[in-house]
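See structure below.
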């Protein structure tokens, strides 16, 4: 279908206007000068538990020139923040986006970021510093693999009630949180929506609109029995005459049984397989079943609607605060904006453009690592095999040499004794140390006697 040239021009113009009108509150690609924009906190520094950041593209990257900041020390706390002009998202969409890569194959730790409000002492920023929004992946073992989305209100942090899965591999992924003026939200991973809904429903930020009526009582005629005895079912004739136990008719007197010594043999009593217990009529569906009674919902007198539930009037800082057992998490391409389309465009220009190249670089790095491990295993196996070709034998403190015996003193007080058979170059035998010592002592005695005779 062909469009008039004017229509195409208008469409392109509107698209460009939309991007141009996007308000970017903060954007960081960690290019030159990033350290002037970010403040490393002294939190945990006195305890020597403050970790260092490295400006790098990581061990594998789709673009070596696209750098971020990466944690570098294990068992350390990390805290860093950047300030931007204070902003109010009232009547605006709020977009919070960044990329994160866990090169260390994270077992337990976070990859989330925070938005802070008001005035914050960035040099003392740490785990106890209040925040407005915390967002990003959290991984710990097999149970926790989710995206955190936490909103703080009146000093209380509210976690999302839904479980949003996060990525767990060692590649870069983009996480996006979108909060709209109608109090609806979206969570995206790699530009794909993973969850959406309402701030009213998916967080307990406000008291519930409806509550169960505490004064309600179940009606006396409420029938909540799903099954009832069948009134037409009749007990079979003779049912009550069926004995609970019977004589085992298949039992036979043991051959070794002696009536004089053991008494008269009688067959044992066994449970009667035909006995079914006291008779009960079968169950049928209750035609009058009304279901489980529930208290009716009423308006919550404590609920007060807050049309500004989505508003944060003085957002001012982007921050990272982490504890890492294993370091190697890399953050990049941080964005705070009011335009989801601009966020998608940024993600495609960075992560999207280089994701395939990064994957190839990772696979090459993995092949190299596996090859190094294979070679190391072969070397260890060969060393172990070489060691098994000799026997460690305890010997006297004095080690000796003979023409056809190699004796090596080890640091543990043992000797490695290897005797080559002079008659056959292809065979070797191990000589017991005691025999060597005896022969050596005889040689020494002979030498001493010769020295004495010479004197």
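Each residue, glycine too, has its Cβ placed from N, Cα and C.
Any TrEMBL annotation is an automated prediction that lacks curation.
Residues or ranges marked as signal peptide in TrEMBL: 1-22.
Around residue 140 (disulfide bond), the C-beta neighbours below 8 angstroms that are at least 6 residues distant in the chain are 107, 108, 109. Positions annotated as disulfide bond by TrEMBL: 108-140.
In the three-state DSSP reading, residue 112 (alpha-D-glucoside binding site) counts as coil. Taken from TrEMBL, the feature alpha-D-glucoside binding site applies to 112, 114, 131, 138, 321.
For the region 'Disordered' (211-241), the DSSP counts in helix, strand and coil order read 3 helix, 5 strand, 23 coil. Taken from TrEMBL, the feature region 'Disordered' covers 211-241 (among others).
Within the region 'Disordered' (353-388), the DSSP-based counts of helix, strand and coil residues read 36 helix, 0 strand, 0 coil. What TrEMBL lists as region 'Disordered' is 353-388 (among others).
Look at TrEMBL and you will find 419-455 (among others) tagged as region 'Disordered'.
The compositional bias 'Basic and acidic residues' feature in TrEMBL is assigned to 442-455.
Counting residues 6+ beyond its ends, the region 'Disordered' (211-241) has Cβ neighbours under 8 Å at 279-286, 288-298, 300 in the same chain. Scoring each of the binding-site residues (138, 321) by how many neighbouring Cβ atoms lie within 10 Å, the top position goes to 321. Sequence-distant contacts (6 or more apart, same chain, Cβ under 8 Å) of residue 131 (alpha-D-glucoside binding site) comprise 114, 115, 116, 117, 152, 319. Long-range Cβ contacts of residue 112 (alpha-D-glucoside binding site) within its own chain (separation 6+, distance under 8 Å): 134, 135, 136, 137, 138, 148, 322. What surrounds the alpha-D-glucoside site, by Cβ distance within 8 Å of the Cβ centroid and not counting 112, 114, 131, 138, 321, is the set 110, 113, 134, 135, 136, 148, 150, 319, 320, 322 from the same chain.
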